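A.B. asks: I'd like to ask some things about the structure below.
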Amino acid sequence: MAGKGVGSRLSTLFLLVLLVITIGMMQVQVAEGRMCKTPSGKFKGYCVNNTNCKNVCRTEGFPTGSCDFHVAGRKCYCYKPCP
């Protein structure tokens, strides 16, 4: 019976260490992967289709874009990695 307790403790300790490492890696990715948002200068009209917004943003030199809620409805915003 004593063997089960030690094995269980080691398993728990291993999972705890793995969880701490995973959380640490996630925080680094969030900090490095922060995206800056800018309203599209070329997109016209109400933004319904993310694909259209993304394509317009690419013509403006941004890697991606999406329709996001704005005070007046949905608007096309372009995204790029923050400096």
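Counting begins at 1 with the first residue displayed.
Even glycines carry a Cβ here, placed using N, Cα and C.
Checked Swiss-Prot, it gives:
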| type | residues | note |
| --- | --- | --- |
| DISULFID | C36-C82 | disulfide bond |
| DISULFID | C47-C67 | disulfide bond |
| DISULFID | C53-C76 | disulfide bond |
| DISULFID | C57-C78 | disulfide bond |
| SIGNAL | 1-33 | signal peptide |
A.B. asks: Secondary structure at C78 (disulfide bond) (DSSP, helix/strand/coil)?
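C.D. replies: SS state of C78 (disulfide bond) = strand.
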A.B. asks: Give the three-state DSSP assignment (helix, strand or coil) for C47 (disulfide bond).
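C.D. replies: SS state of C47 (disulfide bond) = coil.
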A.B. asks: Identify, in sequence order, the residues in the chain of C57 (disulfide bond) that are 6 or more apart from it along the sequence and have a CB within less than 8 Å of its CB; answer 'none' if there are none.
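C.D. replies: Those within reach of C57 (disulfide bond), by Cβ under 8 Å and sequence separation of 6 or more, are S40, F43, P63, T64, G65, C76, C78, Y79.
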A.B. asks: Could you give the Cα-Cα distance between C82 (disulfide bond) and C67 (disulfide bond), in whole Å?
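C.D. replies: Their Cα atoms are separated by 19 Å.
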A.B. asks: Find, for the listed disulfide-bonded residues C47, C53, C76, C82, the residue with the lowest Cβ contact count at a 10 Å cut-off, counting only other Cβ atoms.
C.D. replies: C82
A.B. asks: By a simple count of other Cβ atoms within 10 Å, which of C36, C67, C78, the disulfide-bonded residues in the record, is least packed?
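C.D. replies: Counting other Cβ atoms within 10 Å of each of the disulfide-bonded residues C36, C67, C78, the minimum falls on C36.
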A.B. asks: In whole Å, how far does the CA atom of C67 (disulfide bond) lie from that of C53 (disulfide bond)?
C.D. replies: 7
A.B. asks: Need the DSSP three-state call for C36 (disulfide bond) to compare against my parser.
C.D. replies: strand
A.B. asks: Please report the distance from the Cα of C53 (disulfide bond) to the Cα of C47 (disulfide bond), rounded to the nearest angstrom.
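C.D. replies: So the alpha carbons of C53 (disulfide bond) and C47 (disulfide bond) sit roughly 7 Å from each other.
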